[in-house]
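*Asks:* Okay, handing you the structure first.
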């Protein structure tokens, strides 16, 4: 028996598959590049502007956002931005000192890093909510990358290499933003970041026990086992005075966090908490001569603005491997954290941030920072949350913070030299407790077990191995999952929803009707060399499992975004196998790119235009007509 069905070209006007001439290579290449690097098409409004002067103005506003919002600035916005800027400064001072200590660099570098970068971000940043500064995870990762031996024996060289790593971070981030390679950051999934931040919080919490117990000797390793071993081995050094002060500070800080959660309008109580700890700690340590009672302090902090550090950059080939590793890994983490935080707060205000512009801003911030005695900065969650709750309207709040930090560096820095290390440890511990997102981990467990596995691999990898190994393992699991999605694409059998022309997955909609004589299958991903064998075997298995004989296979390709030659040959092979069983293959709604390749490879000629339809309903009607009119030959 030879089955022929009504050609799609005889369908009502506008209902048939469009077999127009395929686009040229140049047109397709341009389209691909646009969708890969410019999916948001940021330059379209600029290109449509007829006036050359206005076009130049818009282009300048795109690359330097301050020219967009500053002309519209008014005193009403300034009032809110000044309040927000002063509030985040109260957090920037203790965090700057604390995180510099975490990175094993002089505390004054932490203050320097809260002075220059905010000005740079205010000029080039696109988020109205982000407050920039140093972060705990990257601070610890930098120290871990260069190692205990260098930190202990060559502190000056270590500081120079940190400035160099910051330059590498900035150049890397700028290049990613300029080349619009934000897609690379997407490999750090939400699950990976949740687990990584949680694991990092655990090891940072445990490391702060050195300050809480007043220990002199302590390991620089970051895994849980080594840290606990070091604490127990040095228990003879435990100081009750330091422990008592640390517990009091920690209880106070957690109380302020509780007040903020219970009464959101009192957010400033939590924001001022770390500064209160620093001020009270300084006063008490000065009055009782804390160093004489076993309470270590920060030590001398000199007055003055950031000295230039461009002459300190070290490109010795012996250290370049470590420098590039520290710069690129911390750069990726800083980007993922900063962009994710900026976007999450922008959503709350119905605003948008441009990820690629943020990368450029972060990159310039770190490049200029590396020349002015700063180390890596990004958008920390705690500071951004305070900035948002304080009512910030524009990036001007970062300018206000920068001005306040300038005053601190010029006049107040030496006063913070009495800050007890136990107070800084309490500040860090309080901040880290908020980074362990138990609710999100439980949510991942309920919704998606594989996402939970990715999260836990980062969490335990960071906690028990190291930060970079934990990150690599988690990203590895994420990539394996993505490859599995590609290699094992979703396929489903469709049935008609009763009394409608809609066709849906019969497993999801058990009431949907199957029709005798044909089977409708839907492919939900690209078909190419990595999954073509699976696609072929899965389709043939669907057909073998049919209890009744079938005459038509209807293949819905609306979910297939692209196909390669291996995929094309697979479809032809399926057609040949089905042909030997007197089963015709019908193609439904091939996407533009897929249809172009089908035409160029002569697939359409081999299968026949009459077996290609725009919709499932059109194909079903044609098959039904054929089944009711064609009689088998005797």
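Glycine too: its Cβ is placed from the backbone N, Cα and C atoms.
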*Asks:* Validate this pair against Swiss-Prot: residue 394 and residue 590, same side of the membrane or not.
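*Replies:* Going by Swiss-Prot, residue 394 and residue 590 are on opposing faces of the membrane.
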*Asks:* Which one of these stretches, 39-59, 60-80, 291-311, 459-479, shows up in Swiss-Prot as transmembrane segment?
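*Replies:* Transmembrane segment, as annotated by Swiss-Prot, spans 459-479.
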*Asks:* Looking at the stretches 131-151, 196-216, 240-260, 322-342, which one shares the most CB pairs under 8 Å with the transmembrane segment (396-416)?
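*Replies:* So the stretch in question is 131-151.
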*Asks:* Short question: most Cβ pairs under 8 Å with the transmembrane segment (105-125), which of 131-151, 159-179, 240-260, 359-379, 421-441?
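*Replies:* So the stretch in question is 359-379.
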*Asks:* Could you give the residue numbers and ranges of same-chain residues that sit at least 6 residues beyond the topological domain 'Extracellular' (217-239) on either side and whose C-beta is under 8 angstroms from one of its C-beta atoms?
*Replies:* 104, 140, 143-144, 147-148, 151-152, 202-203, 206-207, 209-210, 294-295, 463-467
*Asks:* Report, as numbers and ranges, every residue of the chain located at least six residues beyond the transmembrane segment (359-379) whose Cβ falls under 8 Å of a Cβ in that stretch; write 'none' if there are none.
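*Replies:* That would be 63, 100, 103, 105, 109, 112-117, 120-121, 124-127, 130-135, 138-139, 142, 162-167, 169-178, 182, 306-310, 313, 330-331, 334-335, 337-339, 341-342.
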